[in-house]
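Visitor: Here it is, the structure in full.
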Amino acid sequence: MLPSQTLLHTAVLALAVLQALASDTFIAAVYEHAVILPDAAAEPVSPEDALALMNRNMDVLEEAIKEAAQQGAHIIVTPEDGIYGWRFTRETIYPYLEDIPDPAVNWIPCTDPTRFAPTPVQERLSCMARNNSIYVVANIGDKKPCNSSDLGCPSDGRYQYNTDVVFDPEGKLLARYHKYNLFRRETQFNYPKEPEAITFETPFGKFGIFTCFDILFREPAVVLVSELQVDTVLFPTAWMNVLPFLTAVEFHSAWAMGMGVNLLSANTHNISLAMTGSGLFTPEGAAAYHYDSGTEEGRLLLAELSARPRLSPTYPPAVNWSLYATSIKKFPEEKDTFSGAVRRDIFTFSELRRKAGNYTVCQGDLCCHLVYRMLNKSNDEVYVLGAFDGLHGSLIKYHWQICTLLKCKSTDLSTCGQPVETAQTKFERFSLSGTFGTNYVFPEVLYSGVQLAPGEFEVLRDGRLKSKHGTSQPLVTATLFGRLYEKDLPHPLRTSPYNRSP
């Protein structure tokens, strides 16, 4: 006979599976973790010291996982860098890495810890999943030995990858993903030779996974959604907020709406680096989200989501993002325009001088159109309509088309495009559209205090972003982010032979 504990675990797991099968929804959780960071070190620490630091973080994550499971969650996502942080060189991160096998090996580290030893982090994560009968998603580091027969082998004889792992409710290693689009500061890791499109089936839909900076690129993000038709994307991230357009909750919610999928976004929390903003985002908007730039505390979020959103009766219809804007003939382009910088991007702006009106601003192939009426315009606030059509990024350059209704930092027009978190002016109505050259457009409205506006705006089939009943809170931005992936420049760091030097 099986031991009683095993029988109990099997019964709990079977019940959880039956409950998931009996419903078209599931309960998802994300945990925004205030990561305990290692001390800055010029030399690698011992494996024992590295594991001690990782265990301190996993102690916190384990409590969040237990709480999520007790509240009925079927899956939980934890952040990028959530187990060891980011203060590393290529050499000093090495003691924190484990060799993560291909999930095809059919391995439960919790019950078979010596099979690929030493793997104490994978063993503990596996046990967290198994003991709580929940899917656990975590971000750790993978190491793979190589030699001179591999022309791309780094000089230290190993590849190091920023890696996501997924353990199923039995504790089995279900998925492994190597981050393909590294942020410029991630010099401790290697680029994978080829992009990975990782998917897996659950009783509550088809899932895909990628990490942080990946969300901005065609591979793997668009491939997973548009070609492989996943229902839900798992998204560990360490996202540094950048107003006015790339704040975590703002862009991640916009991306989920534009792509028509669920996005489970778990951010690290570090206010000194402007890291905060996690959420459970759907094609209809944010189901739950968290943004806190004032404390150092983590946060667990849960929400019930549609398992297969494309089959939901509330699933948004397909949008022709340029239909309305290209049909407009009566709105002449504004003559009184000026240039303004949003970080390094030079926008064409036009000040909204009237309380209500129709405006058109163009740049390159993009014309942006706005119809609006302000409800209580504050005399010391200036709003502009802005257009940008060009390459974004300093080292890795990718092509944006952006139409935005934007509050300036002050009445000085030279401040338009600088970060703003608060506003006083509400809008009775607005309608924003553009002549986008892409079907990949992400809509979002951001209120004062970096708050989203779920349910207060809609996207029409002809590509208009419209307020439903006026803004209930003062408006900071209303934006349509378009991505022309085909116009991206070649990646400057993926050279041949592949990434040979560390």
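Note: Cβ is positioned from N, Cα and C throughout, glycine not excepted.
Source: prediction; values computed, not measured.
Below, the features straight out of TrEMBL:
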SIGNAL    1-22  signal peptide
DOMAIN    36-307  domain 'CN hydrolase'
ACT_SITE  Glu80  active site, proton acceptor
ACT_SITE  Lys179  active site, proton donor
ACT_SITE  Cys212  active site, nucleophile
Visitor: What whole-number Å value do you get for the CA-CA distance of the residue listed as 'active site, nucleophile' and the residue listed as 'active site, proton acceptor'?
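Guide: So the Cα of the residue listed as 'active site, proton acceptor' lies 8 Å away from that of the residue listed as 'active site, nucleophile'.
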Visitor: Determine, to the nearest whole angstrom, how far the Cα atom of Glu80 (active site, proton acceptor) is from the Cα atom of Lys179 (active site, proton donor).
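Guide: The Cα atom of Glu80 (active site, proton acceptor) is 10 Å away from the Cα atom of Lys179 (active site, proton donor).
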Visitor: Including all protein chains displayed, how many Cβ atoms other than that of the residue listed as 'active site, nucleophile' lie within 10 Å of its Cβ?
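Guide: Other Cβ atoms found within 10 Å: 27.
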Visitor: Would you count the other C-beta atoms found within 10 angstroms of the C-beta of Lys179 (active site, proton donor) for me?
Guide: 26
Visitor: Across the domain 'CN hydrolase' (36-307), what does the mean pLDDT come to, as a whole number?
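Guide: The answer is 97, the mean pLDDT of the model over that range.
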